Structures are given as C-alpha cells and as structure tokens.
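*Asks:* Swiss-Prot lists Cys338, Cys344, Cys377, Cys381 with the feature [4Fe-4S] cluster binding site. According to Swiss-Prot, the feature siroheme binding site maps to Cys381.
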Amino acid sequence: MTDLMTSCALPLTGDAGTVASMRRGACPSLAEPMQTGDGLLVRVRPTDDSLTLPKVIALATAAERFGNGIIEITARGNLQLRGLSAASVPRLAQAIGDAEIAIAEGLAIEVPPLAGIDPDEIADPRPIATELREALDVRQVPLKLAPKLSVVIDSGGRFGLGAVVADIRLQAVSTVAGVAWVLSLGGTSTKASSVGTLAGNAVVPALITILEKLASLGTTMRGRDLDPSEIRALCRCETSSERPAAPRSAAIPGIHALGNADTVLGLGLAFAQVEAAALASYLHQVQALGANAIRLAPGHAFFVLGLCPETAAVAQSLAASHGFRIAEQDPRNAIATCAGSKGCASAWMETKGMAERLVETAPELLDGSLTVHLSGCAKGCARPKPSELTLVGAPSGYGLVVNGAANGLPSAYTDENGMGSALARLGRLVRQNKDAGESAQSCLTRLGAARVSAAFEQG
C-alpha cells in the first residue's frame, strides 16, 4: 500500500546484468531483491485491498516456478517470495504483471486488513490512503524518504493497527462534529507522541507537509525524530480532549461474523511460511465454496472473503488439513520465528524445525499468555521487542534470554544435543508449578528468571 503503483516493477540490473543489490536499510522488492541463505528474496506489497483468488493462485504458481516455492506473510502483512535467482526475478515480475497484480513501491501506507467492511470501524480509511497516494504520484520530483518509512491510517474496528509501529499515525475518533483524526508520531498507538487532531479534509495536506519535512532533513529521518510541537504548528492541528479508543487485540485466526450475513475466515501461516503448492491447492478448494478473495493481515495472517457461516466452517476444516493456524487457541500462535538457517546465512538455528519441536515437547508454554521467540541469531529480525522467552542461535549452541530481546545477554545455554531435554524441562517447570487458573506467563513470572534459567540449563 504505497504512493507509487505499477502492474509490476522490473528489476534493476547492474553492468553485468545481475539484479541490483539492496541499499542499506531498504526493503527487498522486485527492483531490489535481497540475498539470503536460500537465494534472493522479494517482498511484494499489492495495492489492492483484496486480492482475488485467481490472482493469488497465479502468484503462488509463479513462486513455485521461479523460486523455491516458499511464500511468507510478514509481521506487517506483506508477501515475501523466497529462493529466487538473478535470472528468475525478471520472469517473476513478468508473471505478476500478466496476472494484473498491481504492486506498491516507496512509502508504505497501511490501513486495517478489513478496512471498509469492518462494521466496528469508525470510518473507512481507504479514501484518505488513495488521496495520499495520488498526491504523491503527481509530484514532479518524488520525495526522498527513509526506506522503511510508514504511514498508518487506523480506523479502529476489530483488527486495528494499534500494535503496528508507524512513523506517522492517524487514528479515527468520533466527535460531536463527526469523524476526526488524531495525529501522532513514532511507535505503536500507545507509545506514539501525540501531535493533535485534524478534520478529514486537512489530513492529506498535513501528511504531505510532514513528509516534505522529513525529506528536507535527509533519508535517515523517521517520525520519532520530529518535534511534535513543531509539527503541530506546521500542520495547524487542533488540541482536543478526544482520544482514540484503546487498541483492540482480536485474534485473527477464526471465523468472524461481520453482520448482514457476511462472514470472513481468518487464517495464519504456521511459523510465517506456507508452501506455494499447498496455498494454491487450498484456494482452489475454497473457491468452490464461494470464496472470492483474500486480504493480507499483520501477524503473518490473512482473511478469506466471500464465505457464509456454513461454508466458513468447511473452509476452516480444510485449512487445518493444509497446516494453517485456524483458531485463537493454536499453540503455534505463541511462537515467533525468523527464516532460520535454511533461509538466512546469519542464522545458527533451524527455527522452523525448532518451533515444531517446541510444540511437541513443551506445549505448556504455549497457552497464548506469552511469546516464545526463536531467533537464528542475535539480530532478532522476527521480533525486535522483548519476549518472555527468547531462544537465540549461536555458533556454540543456543542461549536463553528471559524477559528480553534476542540481542540481550543469555542467562542459560545448551547445545544441540541438549536442546530437546531443555525444552522439555521448561514445559515440565510450568506443568508442575502452575496454580489452578494460572497462565504460563504468570507462573514463570512468579518463579523468577533464575529458576527458569536453571531449569533450561541444568534441570
């Protein structure tokens, strides 16, 4: 979802005809794929709110034909295709263009996954997003902005974007005069710096003003670097007592009734990945049930549209057989993983296999009250923020960080031979010490980091 839109973006090539390498800090794209441990990786951000099933099937077919057949949905709800080569990226771009999938480039402009159809949203944010894209498109000289700069236009609803970090955030609020938009800078909705309130017709001019300010300061500047009081004056924001509603955290996996007999099915990818053939097979099956489109969603998830309550239940059962996360209670929802050693040259852990081992040996940890982060290295790409339990791969084995991020100092260690028993001991620690009605998170907090570390390392 960005300001620049094309049917497909042909990769740039260097003098030797190879795909251009990424500039530091940039997101991988068709024009600038990223080298990984399993070949080149491309991130695809469709401009359409909904992708028809034939388009997704065509994309899956192309991913298998021109890559290694692994498709990912990122934490922010973008598609990634893996295992490409310098020769196959242009052919992938052509296949995407032939499927008439419009790809977004440049500034990320994000709206909630069910924007326009969520009965609980305060306003439809898509017209503002479209107006902003168009305003940026017509500029004779494009703005030079930080590569990962993002604008979130959050209308609330069941699946709002309050937990998504943004450089510039707009949150809809209901006022006596109608809908207004609260402007803030940096962070999630609870940590962002508030600027002020804007009327609907003032939103896009204000956003352009902020983007111009960022561009004038250089391509490394982010929303957090701006002075809220200066932006308040520049954008002529009003101060108001209106505050956005607290962000909702409805789980995406599951069947969701939207009213008027409309039903959507939320599904998650197991450990952020799916095989292209499995995805295409599933979409063919649900197409026969009446499904007509999907919407990508944060949290490595997507929604299936066009179902009724009866067919949604069938589609959910089919999804389970294909390995998707189908319900809020799925233990895999509580695990965050990066690509791991199979997909990243920096990783020292095969994270997907480790995640499966964790589900099998320590299900007591995965009640949904905490997150277990499996990181191939100390960079912590899958989850930069702290987790209750973080397992980090290293040349000598694995480290455990309790209540910290992957770059934190581990408090316990084990090697490959001891990992299975270490995970089992953590599960047993919770099982044997958890009080009735107590969550795994509360239990581990009560026991303390020292005891958790000792169980992992020594038993």
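Every residue, even glycine, has its Cβ placed from backbone N, Cα and C.
Describe the structural surroundings of these features, if you would.
*Replies:* Cβ neighbour count for Cys381 ([4Fe-4S] cluster binding site) (all protein chains, 10 Å cutoff from its Cβ): 17.
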*Asks:* Hey, for the [4Fe-4S] cluster site built from Cys338, Cys344, Cys377, Cys381, who else sits with CB inside 8 A of the CB center?
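*Replies:* Output for this site, in sequence order: Ala339, Gly340, Ser346, Ala347, Thr351, Ser375, Gly376, Lys379, Gly380, Ala382.
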*Asks:* I want to check the contact list for Cys377 ([4Fe-4S] cluster binding site): same chain, sequence separation of six or more, C-beta distance under 8 angstroms. What comes out?
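*Replies:* Spatial neighbours, sequence-distant, of Cys377 ([4Fe-4S] cluster binding site): Cys344, Ser346, Ala347, Trp348, Met349, Val392, Gly393, Ala394, Ala406.
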*Asks:* Give me the count of other Cβ atoms within 10 A of the Cβ belonging to Cys338 ([4Fe-4S] cluster binding site).
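*Replies:* Total other Cβ atoms inside 10 Å, all chains included: 26.
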